[in-house]
């Protein structure tokens, strides 16, 4: 199987700005109720001019499980549901519904496709966990903020930060510690427990049992090498996450740094 490209987005340094985060790191967790409340503040329930309800599309965008270019809910939407215990065909039923009620809708009818997609999950996948916060994937903008935040904490100048990414972040101890800081601050990794597989699965859309086992086996192998904390974190990202052949990610891959 072809190796998937990296799902952690490294920022364009020319767009980095300083950013103040809460003390509990920068991970964002939101429940369906919170997604709905947030969208209710952004837009009315009905676009009067076009008579189209874009509320569900907004929920998908804020929860990072909807992308107009794909036109159907990402696999990550499943984290908001408890599958039906009495049936094992909830995935099949949901996929069938998506084929019949989403893929038949014109590609540019984004709001209609989003609403139909969410309805398929509500009707077929299981119980919506309305009050349970779930991890929201890191976007490119947030990644840039977190990296610059880490650079400030590690006393890495902007010029040096640019050089680290230009030369390769895994080439120096500074670069490796920068990656460790990013992973910890993004809520994807800890020195005590290693990679948070559930959150990485959301970030990289790797949901199979093979994906999880590959991460566990890879991390266990690296721990036996008695690496320092920064090297362990960086190699975990490089070898266990971004080199994971079982990731089904349709998220933008790791982007090579372009310094202007």
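Sequential numbering from 1, following the chain as shown.
Each Cβ is built from the backbone N, Cα and C atoms, and glycine gets one as well.
These numbers come from a predicted model, not from an experiment.
Taken from Swiss-Prot, the feature disulfide bond applies to 177-230, supported by similarity to another entry. If you look up Swiss-Prot, you'll see 1-22 marked as signal peptide.
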Seminar exercise, completed: For residue 230 (disulfide bond), the same-chain residues 6+ apart in sequence with C-beta under 8 angstroms from its C-beta are 173, 176, 177, 179, 180
Exercise. Over all shown protein chains, what is the count of other CB atoms within 10 A of the CB belonging to residue 177 (disulfide bond)?
Worked result: 20
